[in-house]
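Enquirer: As annotated in Swiss-Prot:
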- Cys98, Cys100, Cys125, His127: Zn(2+) binding site (BINDING)
- Lys240: ATP binding site (BINDING)
- 9-19: motif ''HIGH' region' (MOTIF)
- 237-241: motif ''KMSKS' region' (MOTIF)
Amino acid sequence: MKIKTRFAPSPTGYLHVGGARTALYSWLFARHHGGEFVLRIEDTDLERSTPEAIEAIMDGMNWLNLEWDEGPYFQTKRFERYNAVIDEMLEAGTAYKCYCSKERLEQLREEQMAKGEKPRYDGRCRHSYEHHADDEPCVVRFANPQDGSVIFDDQIRGPIEFSNQELDDLIIRRTDGSPTYNFCVVVDDWDMEITHVIRGEDHINNTPRQINILKALNAPVPMYAHVSMINGDDGKKLSKRHGAVSVMQYRDDGYLPEALLNYLVRLGWSSGDQEIFTREEMIKLFSLGAVSKSASAFNTDKLLWLNHHYINTLAPEYVATHLQWHIEQENIDTRNGPQLAELVKLLGERCKTLKEMAQSCRYFYEDFSEFDADAAKKHLRPVARQPLEVVRDKLSAITDWSAENVHHAIQATADELEVGMGKVGMPLRVAVTGAGQSPALDVTVHAIGKTRSIERINKALGFIAERESQQ
């Protein structure tokens, strides 16, 4: 049997991390078994579905590199197929037309609730032989079995049973002729030959209804696996108040897709004590049996740790392709300065996100108008004038511009003046970067470049001279 899974989001908003984890688990299961992964857009909610949401879902899937083998399919383009199946069910007697008014259904609901009963349709039209005009408004309901139970072996949770007496005669076509969500899902899974449905636990109550419809159609019933919800670190359901929940927001915040995928796969699944997984390792090791039944707690600090790990372990050239977007957001012109791959090597240890990296790299490419006030007050004092003049002259004398030779020039300055490296290094750092913090000074000065470094030292000397004149 060829394994076939699907990810079927509703385009009523962005792709959130819960949906992304479900997509990842479905994708991994298909890849692990050499099967196929289908992308299906469940856009039957015409009022809430938007083109922007569809684009956001596609963007998120593409950014995570969760490629699909089929699709994207759109339910709104398959209404003719759904209605044809409903008509066949009406002919076969597994569905019926219901003419009950909204007022009657509301009264029925109130009476049942007053008695402490679960609100459900009482089947009045199921057993009615009243004649109705062809144009009289009606819905179509599925004739759910009235006895027995539905049992399915959830691949994560084990056997789950629902009594058919607890299930309603589900509306499968509205009065306007449009098919309903639960019915469309069934026909899609049947037509697309889905073997395993992996989805959130909020769909558990839909499963027995969908199984009964599949059986009424004599269609194969897929295996089901319901993934537990994701909570915030406070134990409450993950929401915007816990920070970013949109996949693309994590991109915007400077996370690498590898970090988010690694974090999401471990958010409810484990393989021993291993924390770091390549994509290939995920595919090789993933199984539904190792997915937890319990809710998972989202921990942003752990995700940040993973992101820092991947910034420093993935190829700098690859990380640079993602950094480029953030550089563009900061409007930094990188034509005159180090290659972005070199920048990743320079700032990787200091920066936990690519956004932070982009926001702290401007001095490598563009001149700054003023020095950081606190750093200048502390380090660009008259006592720093001589070390800056000497190190400037030694840097100017370098013919082979390298980080090693820059280091020798700084060391030689300290030796000549018989002062510690800090007496030379700190004023030099503020002079060339405008700030009091940077990566190692030799590689920083080397990356900034000879001409630009000397110009900035002269600017710092001018700042010191002006400061002296005011004393």
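Each residue, glycine too, has its Cβ placed from N, Cα and C.
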Enquirer: Would you count the other C-beta atoms found within 10 angstroms of the C-beta of His127 (Zn(2+) binding site) for me?
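Expert: 8, counting other Cβ atoms within 10 Å of His127 (Zn(2+) binding site).
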Enquirer: Compute the mean position of the Cβ atoms of Cys98, Cys100, Cys125, His127, which form the recorded Zn(2+) site, and then list in sequence order the other residues of that chain whose Cβ is within 8 Å of it.
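Expert: Output for this site, in sequence order: Tyr96, Lys97, Tyr99, Tyr121, Gly123, Arg124, Arg126, Ser128, Arg141.
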Enquirer: Run through the Cβ atoms and count how many others sit within 10 Å of the one on Cys100 (Zn(2+) binding site).
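Expert: Total other Cβ atoms inside 10 Å, all chains included: 16.
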Enquirer: Sort Cys100 (Zn(2+) binding site) into helix, strand or coil using the DSSP assignment.
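Expert: Cys100 (Zn(2+) binding site) sits in coil per DSSP, no helix or strand.
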Enquirer: What is the number of other Cβ atoms found within 10 Å of the Cβ of Cys98 (Zn(2+) binding site)?
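Expert: Total other Cβ atoms inside 10 Å, all chains included: 20.
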Enquirer: Among all protein chains shown, how many Cβ atoms are found within 10 Å of the Cβ of Cys125 (Zn(2+) binding site), not counting that one?
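Expert: Cys125 (Zn(2+) binding site) is surrounded by 18 other Cβ atoms within 10 Å.
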Enquirer: When DSSP states are grouped into helix, strand and coil, how many residues of the motif ''HIGH' region' (9-19) land in each?
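Expert: Counting residues by DSSP class gives 3 helix, 1 strand, 7 coil.
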Enquirer: Going by DSSP, give the three-state secondary structure for Cys125 (Zn(2+) binding site).
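Expert: Going by the DSSP assignment, Cys125 (Zn(2+) binding site) falls within a helical segment, counted as helix.
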